[in-house]
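Here the structure comes first, spelled out in structure tokens, and everything after it is commentary.
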Amino acid sequence: MPFLSFLLLFPLVGALIIACIPSWKVRAIKIIALCISLINFVVASGLWIVFDNSTAKFQFVEHIGWLPFFNMNAYIGIDGISLFFIVLTTFLVPVCLLVGWVNISKHVKEYCLAFLILETCMLAVFCMLDLLLFYVFFESVLLPMFLIIGVWGSRARKIRAAYQFFLYTLVGSVLMLLAILLIYFQVGTTDLQVLLVSEFSERRQLLLWLAFFASFAVKVPMVPLHIWLPEAHVEAPTAGSVILAGILLKLGTYGFLRFSIPLFPEASLYFTPLIYTMSIIGIVYASLTTLRQIDLKKIIAYSSVAHMGFVTIGLFSLNVQGVEGAILLMLSHGFVASALFLCVGTLYDRTHTRLIQYYGGLVHIMPLFSFFFLVFTMGNLSLPGTSSFVGEFLILVGTFQTNTWIATLAATGMILGGAYSIWLYNRVVFGNLKPLYISMGSDVNRREFWIFVPFVLAILWMGFYPQVFLDPMHVSVSNVIQHGAYIS
Amino acid sequence: MMGLHFIHLFENDFYALFPELFLTCTTMLLLMFGVVWSTSKAEGYPILTHTIAWLSVWSLVCAFGLTIHSPFSVMVSFYNTFVIDELTFLLKAMVLCSATAAMLMSMEYLKTSMLNIFEYSILVLLSTISMLLLISSYDFISMYLAIEMQSLCFYVLAASKRHSEFSTEAGLKYFLLGAFSSGVLLFGCSLVYGYTGLTNFEDIAKCLAGSALFQTHHSFLHLGMGLIMIGFLFKLTAAPFHFWAPDVYEGSPTSVTAFFAITPKIALLGVFLRLLLGSFYDLLFAWQYVLFFCSICSLFIGAFGAMAQKKIKRLLVYSSIGHVGYLLIGICCGTVEGLQAVLLYLILYIFMTVNVFTIVLSCIDHSKTFRLKYIQDLGLLGQTHPVLALTFSCTLFSMAGIPPLAGFCSKFYLFFAAMGSSLYGLALFGVLSSVVSCFYYIRLIKIMYFEQPSQLVTYGAIDHEKAILLGITTTVIVFFFLCPHSLFLWTYKVAYMFLG
């Protein structure tokens, strides 16, 4: 069964169907879009069930000719590394559609179209086994995302944010294009399975690695290149932030794991100190920055930067624990940060402000919300029992084996993370209610409740029984690590 | 007896140039029809602009059919003056298609702009003939004559709106600088002739074959070749020689600008390719530097010049200068892949330009008095004309080279070719300038979607011709990515036949 091409094409087909519906039939458009994304989620979960844990080979491989004459073909397939990103993507898209169910009132049709097309692009990134086509979809995410930030964003500054998002990402990734062409000229193909068995000279590896790094580090974002992220997050609509935090930040780290580490093993070893330094600075800097922010979304955006710093450290610890922890933290962050952005969206819908100083004592009027917010905050500071703890713990274990100092420094991130998370929660939920600003508040409604519930379940499930997530990725991760022969 | 002998002499030659001959005859017929009919008192001096425009569109379509069904695939005719091969076939088809598109998109303009000049269509036809001849020409003399004929038509076209100061000024500037560049070109041709004693492209190639091996110093030849290149770069609006283009393009009536921007590049680039990659191929290392320099200049000026523009036509001119820079990268390579990349880029670029100019021409208000001039006039197009705005943004993104649109495919292949012939610096510069140029393309999109204009302009409905053009070009731009291999293969074949 061509499961993967179904996954890729189904949202596109849905987008075509929706494009044919007149735009005043708002309800029909929403329901069709939601159904399509839910069906996609079911199919993706089915993939997880049928997935064969015992092999590192790519599964569900399909081959679609694109430029056969130039040896550039669309190979799609997934292994243990990409499996969960596909599930996560298909999980988050219906959430995004549901988030905009009521408060997106203008351009509803375009909203649904943008998200469905975005879903195809993101899924294609995760299952493409061809370097050039990976690049194509990696970039094409820009178009719908630019429009999502620009059209449905909240303030006038959104345009600047959309610009920054677009240009930052583009500058990084065009260098990757040149690197891909260079690889093509050496190997004669961009098929990943062939590239994995071909070897590059050490000098060239360094160059190529840097070019890939320019692209991935912007997407991750590593610290000096992170400026676009808080802007884009703050100005994006809630659903945009969910996708941005949930998936788009993972594109960079996924790229590191899928391409940089196995293709350029020597360069990866060579540049590990660079990654470590940037990540540590990122963790500490972003965590400290968080303490000073007054915008709810910016706080969570900066905490994403810190968490992504953890992920990159884990990836470049280059042993099985670290890499698995990194993947698990990516997944967990996909749930936790998205859920936190959903919380902020819930607040914003009611009060139309995101400045912390206007909030306080929400527990008196929104008890249910306060509960959900608590669970997600605890997830964010990686409390044992939540998903992030497993990820960060594994990362620290992995890093400890390669570099004790880095592990120690990274561990400060856990303290700082606790500091800002709890302080944020305190300021928003506890204390006296400020009735001057928040006069009318209602607790989460049924729709929001049912959006939050799966996130809570997922976070706790991953926290208590991570085995289900670790099992499918184990063989693939070991394969990647052994491929570069980092164990010596 | 003489007549028979004459036919015997050029046995098949007239067949080879049949599309050109056909177009010439129809042009003459249309001219006579127009002159006689429009001055006929009995008919009440009818306005024939629209009729003749449609007739000329049909004759262009017929010429396209004749070109496609040409009985010869490769042939040299008229004592080595004209040539037909795969390359001319491709370029001629492109010229005819784009001329047809340019005519179609200006139909409504001709009808509503109160210009009673049916000569417009005649001039377009004449310049198309000259471009077809230019593509085929295989000799300096025929090349120069064809260029001159084309330029003369263009001078008149640029100044055709004679009540407008801008148009007359544009015509004058175009004439002066065009004549100057033709002079430079002619001087270059005479130097090359003086040095080699040859005017035929193939003979020159044979004469120069292997000359690079002997390290002989032939400065006059180099000078001649340099002057020829400068003449061409002038006409192609490549960067150090671009300064006339913004004024001319802006001043000319918009439909004429569209024609200027779309069609002549194909023909000029075609013969430029034939000269450089055919005749002067052995001096590759000499002309590569010139193109290298021009390409970097064009990319730079195209990217940064467009940023400061407030008028849409000027912005498009600068963007086209940037695109010429990309095309020059492809020629610089001097390989089959380079040539293929140029052809591919050219084809997709034509689609995008047709699309953009159709959109620019279709932004007129209901009373047909207000036309799109400043980019601020695009304000809120996303709300008043959502489909048009979406089309425009797709095209702009494609011009900026964002995957997975058609512009990306062409750009990517261009960099591919550049990397293949070790022009790493040029590829890097091209990539970076494409990021810079993204900036102003996005600015247009920003204005369309997010900005509140000072005065809201609502535009009228689009006519059928433009709608069809927009539909075709947008489909190609958006869906080209799905199955690019036929075009890739075709251009590869053409490039291989030419260089291989």
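Using the three backbone atoms N, Cα and C, a Cβ is placed for every residue, glycine included.
No curator has checked TrEMBL annotations; they are predicted automatically.
TrEMBL annotations:
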- B:14-35: transmembrane segment (TRANSMEM)
- B:47-69: transmembrane segment (TRANSMEM)
- B:89-110: transmembrane segment (TRANSMEM)
- B:117-135: transmembrane segment (TRANSMEM)
- B:137-436: domain 'NADH:quinone oxidoreductase/Mrp antiporter transmembrane' (DOMAIN)
- B:172-193: transmembrane segment (TRANSMEM)
- B:220-244: transmembrane segment (TRANSMEM)
- B:256-277: transmembrane segment (TRANSMEM)
- B:289-308: transmembrane segment (TRANSMEM)
- B:315-336: transmembrane segment (TRANSMEM)
- B:342-364: transmembrane segment (TRANSMEM)
- B:385-406: transmembrane segment (TRANSMEM)
- B:467-490: transmembrane segment (TRANSMEM)
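Counting Cβ pairs under 8 Å that are 6 or more residues apart, the transmembrane segment (B:256-277) and the transmembrane segment (B:89-110) reach 3 or more and are in contact. Between the transmembrane segment (B:220-244) and the transmembrane segment (B:315-336) there are at least 3 Cβ pairs closer than 8 Å, counting only pairs 6 or more residues apart in sequence, which means the two stretches are in contact. Counting only same-chain residues 6+ beyond the ends of the transmembrane segment (B:467-490), those with a CB under 8 A from a CB of the stretch are 90, 101, 104-105, 340, 344, 347-348, 351-352, 354-355, 358-359, 362, 391, 394-395, 398, 403-409, 413. Residues 48, 52, 55-56, 59-60, 62-64, 66-67, 70-72, 75, 77-78, 82, 84, 92, 96, 118-119, 121-122, 125-126, 128-129, 132-133, 136 of the same chain sit 6 or more residues outside the transmembrane segment (B:14-35) yet have a Cβ under 8 Å from a Cβ within it.
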